[in-house]
């Protein structure tokens, strides 16, 4: 029979640590002790680590509803019993490149490269757009395998930003892994706010070479997975995910249903292998059973100290998850746990069925030391099987839905829209779309559209009427044709420049209904009809049209 959740709460550390007493709380409390076979939520995750060869069984089918993209590839492929798509239907810019050097994974033999483009004002982004289920939570992983000869600007490994929708995900730095001959991978869980999600690459202040990507993966997660984190306003960047006492290759799918990567962490402490006889029932979001087949332990009744993660942490708030399962067949293993000398949990009983101990928001900075100390009455030394550590990061916001609809219509009506018109139009601000000006604040609106002289062809979509915060509409000196749609809903418009195109049809008399309009240029088109007299009187010399319309 499954046992119910056992809940205990302690305050996160403060400058003067003062843990509170135990009390009963809901299952999403800041620190919660749960039986593994009843645990319904832990955390969201986001991280970067060196990629090692995987040791995976091929006897099971791939995770349900996954999209696996082999960047730079031109044909579909079946790799480790999983179907990988070429990336051509998810992105329309960049250059596919075949690596001539041998690689340890077929997905690393091709990349898509993007030229370094940046100005003092903005840095355009290059975006993959992947269909998703609205409000679904997705595990997303990017992989980067840099090799000499890939970069047209020299042999300097790239450093750049990666962005999910409108939020900065992390900085991609392949330098250390390049020296070691490894790939770099980044993994996270994100909530879909629409019917597609974008993963974008963009230069930052440290970028001096072309951008690239080797692989991109999306795996849909069940609704209850990681439900202790509010994905509407934050996500989590994983700093470390390890299987303690394990010295083999990365643990992943099919051992982990959701294809998460569990790095080995052997250290010098005594390790014990439990083989395949593990009693853990690993549900959904929990570590795979393989993580509990090895452990770090001390057979003596003395504290066991663990420097984890190995690298110092920046000053921030973190999500911590630690996993334990007793292998002695008794119920006499009790531990006190501290992190950097602050009590994390007291008198933890470790059953054979396993427990997970986690905190939603815990401040950390610098080196992190975890000490597991036998508690009073314990007849066995401490042990630990696995751990995950994530930095809490904010969600960056989203451009207003009306503007997204309007710009999507424009993009589809232009035959050759700017290459960077993918992802969020306004965010991050330094990576906004070409020709787009946006407002500040929480209600992000498009206030300006300037694509003058961009060589555009096609037509002007009626969806432009959704851009109701637009002040300036400048599409002059292009090759646009068709009629000019009704613009009367754009009450904020001050200037309209549609000159030097091939617009035809009746003169857009709806412009006379825009009180704030101050300037209108429509010359060198093929419009019919006359300018309304009220418009002539209001604009005077700021109205320029063809003679047949005056």
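Yeah, the Cβs are placed from backbone N, Cα and C, and that goes for glycine too.
Note that TrEMBL annotation is computational and uncurated.
As recorded in TrEMBL, the features of this protein are as follows:
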| type | residues | note |
| --- | --- | --- |
| DOMAIN | 69-392 | domain 'Malectin-like' |
| DOMAIN | 407-439 | domain 'Leucine-rich repeat-containing N-terminal plant-type' |
| REGION | 1-23 | region 'Disordered' |
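Within the model, the domain 'Malectin-like' (69-392) carries an average pLDDT of 87.
With a cut-off of 8 Å between Cβ atoms, the residues of this chain six or more beyond the domain 'Leucine-rich repeat-containing N-terminal plant-type' (407-439) that come close are 91-93, 122-129, 161, 163, 165-168, 198, 200, 202, 396-399, 445-451, 454-464, 466-467, 469, 472. Taken through DSSP, the domain 'Leucine-rich repeat-containing N-terminal plant-type' (407-439) splits into 10 helix, 4 strand, 19 coil.
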